[in-house]
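Student: Mind having a look at this structure? Questions to follow.
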Amino acid sequence: MGAARARPELWRLMMGLIIVLVLYVALNTVLFAIVGHLVQPEQAQGLLYGTSPMATLILLLSFGFLTLGVAIAVRQMQHRSLAAIMGPRNLFLHQFWQVLRALVILGVVMAALPPYGFGEDLTPNLALSTWLLLLPVSVIAVLIQTSAEEILFRGYIQQSLAARFRSPVIWMGLPSVLFAAGHYAPGVTGENALLVALWACIFGLLAADLTARSGTLGPAIALHFLNNAVALLFVSLPETLSGLALYLLPVDMAETGALRQWLIVDFAVMIISWLTARLALRR
């Protein structure tokens, strides 16, 4: 944070974000052009939605370009390293495992409590043997994706704004609004698009709070990682990024009734998870 305060000018942040965006788009364009030439046309179309294991893995791993973009941007515009964005290494790792362990215990307890099941008959997606075979690389891919988003929003943007402005309304609020904008997809979620974006905004605020309290990205990455691991690897919605899931929940993301009920439950789980993470950090 000290180096960020030494160069708090907003133009540096804006130029840095342009660097991140250009690199991310350019490298992804090259990646998907190469992959598109190696697969069948119908498989290439599926890459956009991640409905097969290969497509989902490629989409998740491509977020590594986001981390690369941030690393280059902070070095060029603020003379900082990616490690400085993450926080002190030992503290980062300690807090990451501390929060992740607490959230896993919470998840096991919640799964053991009634009501049991998901209220809908789950549809098998991957065979258990295939799922287990892919699980190690799937976990790494989800960790890369969630880490990249936290490094950008709760790391680079939040820290840069905090170096320039005192008000948390700005340095917590603006990154969360941008994070929500990235989750606004009316073409996929239909009339639920604003509600999904609101969910993302609140998640961003909770992750921002954990980052500000802890001084590292460890807790926010742990929270984000476990949330996405459950949603992408265990029970997923069928439309997008479902290729690595063991089961699918037969709910249309554009359907207002069923999905909104699930979002209400997810809101509650998100708040409980955040409180659990805060308690874990106090130990």
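Just so you know, glycine gets a Cβ as well, placed from its N, Cα and C.
Sharing the record's features from TrEMBL:
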type	residues	note
DOMAIN	133-230	domain 'CAAX prenyl protease 2/Lysostaphin resistance protein A-like'
TRANSMEM	12-34	transmembrane segment
TRANSMEM	54-74	transmembrane segment
TRANSMEM	95-116	transmembrane segment
TRANSMEM	128-148	transmembrane segment
TRANSMEM	169-187	transmembrane segment
TRANSMEM	193-212	transmembrane segment
TRANSMEM	224-249	transmembrane segment
TRANSMEM	261-281	transmembrane segment
Student: Mean pLDDT for the domain 'CAAX prenyl protease 2/Lysostaphin resistance protein A-like' (133-230), rounded to an integer?
Tutor: 95
Student: Can you see whether the transmembrane segment (54-74) and the transmembrane segment (193-212) are touching - at least 3 CB pairs under 8 angstroms, only pairs 6 or more apart in sequence?
Tutor: no
Student: Should anything in the same chain at least six residues away from the transmembrane segment (95-116) have a Cβ under 8 Å from its Cβ atoms, list it; otherwise answer none.
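Tutor: Distant Cβ neighbours of the transmembrane segment (95-116) are 210, 214, 216, 218-219, 221-223, 225-226, 230, 269, 272-273, 276-277, 279-281, 283.
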Student: List, by number or range, the same-chain residues at least 6 past the transmembrane segment (128-148) whose CB is under 8 A from its CB atoms?
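Tutor: Distant Cβ neighbours of the transmembrane segment (128-148) are 53, 56-57, 60-61, 63-64, 66-67, 70, 217, 221, 224-225, 227-229, 232-233, 244, 246.
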